[in-house]
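These come from TrEMBL:
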- B:12-38: transmembrane segment (TRANSMEM)
- B:85-103: transmembrane segment (TRANSMEM)
- B:115-139: transmembrane segment (TRANSMEM)
- B:159-183: transmembrane segment (TRANSMEM)
- B:199-219: transmembrane segment (TRANSMEM)
- B:231-250: transmembrane segment (TRANSMEM)
- B:262-285: transmembrane segment (TRANSMEM)
- B:291-318: transmembrane segment (TRANSMEM)
Amino acid sequence: MDILANSVALSRMQFALTAIFHMLWPILTTGMAIYLVIVEGLWLKTRNSDYYHHARFWSKLYVLNFGIGVASGLPMEFQFGTNWAPFSEAVGDFFGSILGFEASMAFMLEAGFLGIMLFGWGRVPPAIHYLATIMVAFGANLSTFWILVANSWLQTPAGGTFVEGKFLVADYFQAIFNPFMLNSVLHMFFATLETSLFVIGGISAWYILQKRHVEFFSRSFKIVLAAAIAVAPLQIFIGHLSAEQVYHYQPTKLAAIESQWETLPAGQPADWTLLALPNEKAETNDWAIQIPQALGYILELKPNLSEPVQGLKDFPPENRPRLIGLIFYSFRIMSGIGFFLVGLMLVTAIQWGLGRLKPGVIARQTWTLRAWIFAAPLGYLAVETGWIVRCVGRQPWTVYGEIRTADAASHLPAGEILFSLIGFTLLYSALFIAALYFGSRIIRKGPNLSLPIPGVEVLPSLELPTQHQPDQRPLEAQQ
Amino acid sequence: MDPLAQFLPQVWFFILGLFLFLYVLLDGFDLGIGILSLTSSSEERRSILMTSLGNVWDANETWLVLMGGALFGAFPLAYGTVLNALYLPAVVMIVGLILRAVAFEFRENANRKLFWNWAFGVGSFLAALGQGFALGSIFEGIAVDAAGHFVGTMWDWLSWRSILVALTLIQGYVLIGSTYLIMKTTGSLQLVHFKTAKLAAWTTLIGAGFITISTPILSDHIRPTLFEPPLVFIFLGIPLLGIFLIGLLLQSLGKQEERMPFILTILIFMLSFVGLGLVIFPYIIPPSVTIYQAAAAPSSLVFMIIFIGFLIPIMLFYNIYNYVVFRGKVTLSGEAE
């Protein structure tokens with residue numbers, strides 16, 4: 001096979017593989033960190049021990065994911081040097097600095113306070129512990145910020161010029177605040193938050209359906225639902241803004257997302273292709289289901305576009321992305337999931353309004369709860385497909401319009417990359433299986449509601465809220 | 001040369017040296033303890049070893065990520081060329097670090113711990129091995145063309161000398177791991193690590209002696225630096241001071257002091273590190289590319305100093321605070337539950 005001797009293709013495969021696997025873990029930890037800040041805050045405010053036990057229980061899943069996230073992320077940073085040395089040299093002045101900021105400002109903050117957050121309950125005062133939890137969440141989300149700054153810059157390079165293939169920075173702030181930056185950061189921020197919310201919600205729904213700790217988990221379920229009411233629609237809105245930006249800044253990617261071969265001239269009705277079978281050889285779609293005028297409404301909220309949508313045929317073949325079908329369907333999976341989650345949120349919010357989520361009756365809403373369990377992995381799928389659209393759609397460019405992927409790769413013997421690619425494939429597959437196995441073990445084991453509450457011995461016992469002690473819980477919640 | 005274009009790369013050489021030193025010191029005892037865990041006689045002892053690292057290992061490892069990011073930004077050419085040349089050692093190190101990192105969580109949750117015990121120990125060994133070969137390549141030199149791009153082969157980093165450098169680094173990690181455990185443990189476990197520390201002190205001394213003697217003989221590119229006054233006096237002084245410190249260390253181990261061995265080991269690491277830094281400077285891709293040739297534009301270096309430089313004291317502060325919170329002997333009460 002050709003591809004096994006092609007070091008650029010192998011380096012791309014390795015980067016894609018490590019990125020797709022690595023992402024699975026930080027997606028959950030960055031969003032869940034915010035959730036942990038919320039429950040610990042609720043605990044400090046209400047002194048209700050349930051919230052304390054929520055903080056302890058979910059942080060077990062948090063640390064499992066964090067450990068694998070750190071480990072699986074290491075190859076990402078080093079690959080820029082090992083597999084993409086010409087790229088590193090060309091854009092290191094800016095891109096490398098940003099990775100340095102991520103490590104120093106964000107990652108170090110998260111790692112430095114994690115020990116106190118996990119093991120420091122009895123060792124530091126509650127306020128310091130809460131500060132540590134906040135710093136962990138702040139650090140995690142600052143990581144998202146810097147990584148998305150770096151990636152957005154690859155999509156819309158700004159703030160300097162390429163001289164003889166090397167990027168010279170003229171204005172760092174212009175480069176950081178490149179055209180894609182703000183929406184990309186927000187889109188990813190809401191993506192991690194939304195994914196985490198539906199994971200926590202799905203797991204809570206599972207316990208409620210199992211009739212284990214129903215009252216306890218209906219608390220987390222409602223916190224998640226309240227957050228989802230705000231987050232899920234906002235995410236669609238930000239996603240829409242991102243798509244508009246692609247339309248303006250990356251015409252080849254937009255054409256690939258829509259599998260649009262012919263140019264749609266301005267002022268004409270712009271139909272939207274719902275489903276299609278793209279045929280790259282014949283430069284057309286073998287079949288397609290189209291919705292009249294919908295693309296006009298999607299991009300500009302009117303039937304006829306004021307700017308043309310360029311078709312793929314407008315660009316020479318060497319400047320078009322490959323794998324049109326993958327990009328086309330990835331985009332549809334991502335946005336479909338976005339709308340599904342909004343729908344699920346709406347249905348559940350209505351049930352909440354009707355009083356059907358009270359601890360006594362919530363376990364009877366079987367279909368809603370099952371839908372939440374089904375929704376738990378969907379956020380991951382949406383994020384992965386979204387990144388496929390973002391990065392496969394950017395091809396053949398590593399830095400859009402400036403550096404081709406083929407010129408960005410190190411000259412390495414293909415065998416050397418094949419060796420590491422096979423190694424990473426085996427290792428990451430094993431990690432993935434082990435993470436699922438140990439994650440489900442933690443979930444099946446359930447929360448430990450008998451953990452001593454820090455600071456309780458100094459409080460007079462009469463003032464303690466006792467109605468939530470495990471031995472006084474309703475029978476169904478005790479097991 | 002423009003004074004700024006000379007000064008800024010030197011500042012970043014120093015900052016990177018600091019990050020690397022903190023990494024070697026902190027992840028050094030992490031990795032050393034991992035390697036030592038392969039010899040643990042019981043599950044309980046292994047648990048104590050891993051618990052002693054639970055709250056610090058990922059912060060310690062972050063210094064490597066930080067070093068990588070800062071090297072990428074400050075010396076992009078060196079980042080690409082060095083990692084390109086060290087492809088296989090880098091992959092071995094990364095795989096080792098991954099195995100070791102996940103072992104913490106998976107072992108905690110597993111019923112049968114044997115596999116994850118091995119992942120922790122072997123992972124630590126592989127990570128140290130990869131780093132040792134990278135260090136060895138500094139003595140061997142990296143083949144580059146006029147533009148500073150790697151032109152060697154995929155096995156350039158492997159030689160009998162780099163194997164000895166790698167083994168010495170592993171011994172050094174075992175030494176600092178042992179002295180850290182002496183500080184953090186009690187009873188029979190502590191006694192075991194007095195023994196491992198003594199053994200590692202001797203093997204490290206032999207390895208360091210070999211590197212010190214062989215470098216001026218075998219490394220053509222380093223020899224001129226070593227024999228150039230006034231540095232020649234420093235290079236005579238460093239091995240003598242090193243032997244003196246190892247003597248103190250052995251004496252302190254003999255007296256079964258608890259903290260002194262760790263402090264002396266840190267001093268030994270510091271001394272070797274200063275020696276290494278003086279040998280390399282001003283090169284960043286030995287033996288031919290200097291920090292001035294590989295540096296990013298001065299504006300980038302200033303920009304990074306503003307963002308990273310001012311954070312260094314803050315990072316140090318909360319990392320030290322973390323150690324202060326968890327000071328004292330390791331207990332197996334399972335605080336994390």
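Even glycines carry a Cβ here, placed using N, Cα and C.
Note that the coordinates shown come from a computational prediction; the quantities given were computed from them, not determined experimentally.
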Any contact, the transmembrane segment (B:291-318) to the transmembrane segment (B:12-38), with at least 3 Cβ pairs under 8 A: yes
CB contact flag for the transmembrane segment (B:159-183) and the transmembrane segment (B:85-103), at least three pairs under 8 A: no
Remote residues contacting the transmembrane segment (B:231-250) - C-beta distance under 8 A, at least 6 residues beyond either end: 197-198, 201-202, 204-205, 208-209, 212, 225, 261, 264-265, 267-268, 271-272, 274-275, 278
Folded-back contacts onto the transmembrane segment (B:12-38), same chain, C-beta under 8 angstroms, at least six residues removed: 46, 49-50, 52-53, 56-57, 59-61, 63-64, 66-67, 70-71, 74-75, 100, 117-118, 120-125, 127-128, 170, 172-181, 193, 196, 266, 269-270, 273, 277, 281-282, 284, 291, 295, 301, 304-305, 308-309, 312
Distal contacts, the transmembrane segment (B:262-285) - CB-CB under 8 A, six or more residues away: 10, 13, 17, 20-21, 24-25, 28, 75, 77-78, 81-82, 138, 142, 144, 148, 172, 175-176, 179-180, 182-183, 204, 208, 215, 222, 225-226, 231, 234-235, 238, 241-242, 245-246, 248-249, 252, 291-292, 294
